[in-house]
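Have a look at the structure below, then the notes.
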């Protein structure tokens, strides 16, 4: 009897030790991912602020909002990482619901910002001569306010509707421990799929417009007016299309597996365990917040130019600070006498 009790205690200790190690590993991954998300998006936000201040472009405010939303995703995920690493904090059910609501709101704001960026690029191609008249500061502000209101409503929907909450005795704050699967179905039907279809429609329409512009330029060149009609318009259209295509592709690859497996989980609970969805597929969705600033810093020439200016300014200040500490004479040293050019000539 004593031996069986000892074996049971040893097996329980092994199970708890493995669970603790898995929790610590997940917390470390979340901490690294959140740190990279915060650093990359804060840097891109600073670059965009400087560029908006220089150029006064209102459309870049949507990209700035995307960077801020992704940075907020990193901040909210950092709280989950701290919980995983500490393993001593046992939050209440209410606290877990509020925390996951903030995470969901940040992710929803990031996805909605992607849609606004795509709409802005589509408007720039569809209405190039009326773009600056349509995209005013007031309209941009109203769009951003409406975006955050919708994002907060989506994220805090389980807080206002108890039917979307799931009572769990598990102390860990996770998506499926606090939210009911019906909430996932609601987000899937009224959030993810409409956004994905809107992405695809905008990209297909931009592709059609760009193909028409290229065809017109080819007709002008065949008529012998090629040098007087440079293909700058087609080039800008292709850049906008490329940006939207990359955003759509990364958004689909990052979030589609998570939503698909979550819906399958409702019909077949044994097909995909919750740990696979939460520990792997959800991390893939969070990785979209890290890819967005990297894509913009790589594809957008304005961001690259502003980054090079920032690097040059930081390097110049560092060299001036270094020179003031080493090169200039102090109080007890004699300054080198100045010699004018005329004295050297004589």
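Backbone N, Cα and C define each Cβ position, glycine as well.
Here TrEMBL flags 24-50 (among others) as transmembrane segment.
Sequence annotations record features per position, and here TrEMBL assigns domain 'G-protein coupled receptors family 1 profile' to 40-296.
For 62-82 (among others), the entry in TrEMBL reads transmembrane segment. If one looks beyond the transmembrane segment (62-82) by at least 6 residues along the same chain, the residues whose Cβ comes under 8 Å of a Cβ in the stretch are 27-28, 30-31, 33-38, 41-42, 44-45, 48-49, 52, 99, 102-103, 106-107, 109-110, 113-114, 116-117, 120, 140, 143-144, 147, 151, 173, 286, 289-290, 292-293, 296.
Under the heading transmembrane segment, TrEMBL lists 97-119 (among others). The list of residues near the transmembrane segment (97-119) in space but at least 6 beyond its ends in sequence, with Cβ under 8 angstroms from a Cβ of it, reads 62-63, 65-66, 69-70, 72-73, 75-77, 79-80, 91, 143-144, 147-148, 150-152, 154-156, 158-159, 165, 173-175, 178-179, 191-192, 195, 198-199, 202-203, 243-244, 247-248, 251, 255, 285-286, 288-289, 292.
What TrEMBL records for 140-161 (among others) is transmembrane segment. Panel annotation: around the transmembrane segment (140-161), residues 58-59, 61-62, 65, 69, 97-98, 101-109, 112-113, 116, 178-180, 183, 186-187, 191 of the same chain, lying at least six beyond its termini, place a Cβ under 8 Å from a Cβ of the stretch.
If one looks beyond the transmembrane segment (181-203) by at least 6 residues along the same chain, the residues whose Cβ comes under 8 Å of a Cβ in the stretch are 108, 111-112, 114-115, 118-119, 121-122, 154, 157-158, 163-164, 241, 244-245, 247-248, 251-252, 255-256, 259, 262-263, 265-266. Summarising the annotation, TrEMBL assigns transmembrane segment to 181-203 (among others).
What TrEMBL lists as transmembrane segment is 240-260 (among others). Residues of the same chain lying 6 or more positions beyond the ends of the transmembrane segment (240-260) and with a Cβ under 8 Å from any Cβ of it are 111, 114, 117-118, 121-122, 124-125, 184, 187-188, 192, 196, 199-200, 202-203, 206-207, 210, 277, 281-282, 284-285, 287-288, 291-292, 295-296, 299-300.
What TrEMBL lists as transmembrane segment is 280-299 (among others). For the transmembrane segment (280-299), the list of distant contacts is 29-30, 33, 36-37, 40-41, 43-44, 47, 63, 66-67, 69-70, 73-74, 77, 107, 110, 114, 175, 239, 242-243, 246-247, 250-251, 253-255, 257-258, 261, 307: same-chain residues at least six beyond its ends, Cβ to Cβ under 8 Å.
Mean per-residue pLDDT, taken over the domain 'G-protein coupled receptors family 1 profile' (40-296), amounts to 81.
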